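Participant: Not my notes, these are from TrEMBL:
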DOMAIN    46-238  domain 'Peptidase S54 rhomboid'
TRANSMEM  7-28  transmembrane segment
TRANSMEM  48-75  transmembrane segment
TRANSMEM  87-108  transmembrane segment
TRANSMEM  159-179  transmembrane segment
TRANSMEM  191-215  transmembrane segment
TRANSMEM  221-238  transmembrane segment
Amino acid sequence: MNRMSRAVAVLLVLNVVVFGASLLGAGWREQIVAAGAFWFPGNENFQLWQAVTYMFLHADMGHIFFNMFALVSFGTVLEREWGAGRFLVFYFLCGVGAGLIQTGFNWYEYNGLYAQLVAAGMSPEKVATLMTTGRGILPGDAASQAVAKELYLLFHGRMVGASGAVYGLLVAFGCLFPNAKLAQIFVPVPVAAKFFVPGLLALDLLSGVTGFSLFGAGVAHYAHLGGAAIGFLLMLLWRNRRPGMAPRWGEDRPV
């Protein structure tokens, strides 16, 4: 087994330390989430730096395990291909881009729900009060009440996890090593990266569009897809730079 590369090791340690700190007690976790999770814009907890810090927070043991497993498995290979500097630039651009894209989808959904409440007779002032305090006069019909609840959950929602950055790594790995079998890296059945990565993205897209998640509740599917899209765009950009700037795609090099 290849030894873990340096930048990947640092990212792993930071993620584990932050997750460990969140387990010290409810008070610690509340403070860490309030400061570091990526909150919905307009929420009192929202800060610009959260587009970066949210990548180091995770919801539970399973969440951090799978993200760190993928980071070590794919990140080590990519860091050795690119070097630590380029790898970190790629990782953080994918992660930040993923968070911004998911937030964009959330904002679009929020505006649609907001318009429904206003059309149902709630004034903008009442909607604002309901969002910020959790108290106010709800609309009379059950359908509008359901919309108000969904709007409230969006406004107070937050994003955590390195999944968006990890999806960028998956795409880069698939571009550079399309024929690599992932049986011993990620899945129990041998599947070439050129099939596994698009298949995984298709499942995320299906889950995001239908609202029926195959990965569990509360998954930010558009963050996954956003990280993958940023990763693919970066691969295209680097491929078109001068010779020697980035490895060629599709070469069968040992992993």
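Heads up, the Cβ atoms here are built off N, Cα and C, so glycines get one too.
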Participant: For the transmembrane segment (48-75), find every same-chain residue at least 6 residues outside the stretch whose CB is under 8 Å from a CB in it, and list them.
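Facilitator: Distant contacts of the transmembrane segment (48-75): 4-5, 7-8, 11-12, 14-16, 18-19, 22, 32-33, 35-39, 87, 91-92, 95-96, 99-100, 158-166, 169-170, 172-173, 185-186, 218.
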Participant: Between 7-28, 159-179, 191-215, who has the most Cβ pairs under 8 Å to the transmembrane segment (221-238)?
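Facilitator: Most Cβ pairs under 8 Å with the transmembrane segment (221-238) come from 159-179.
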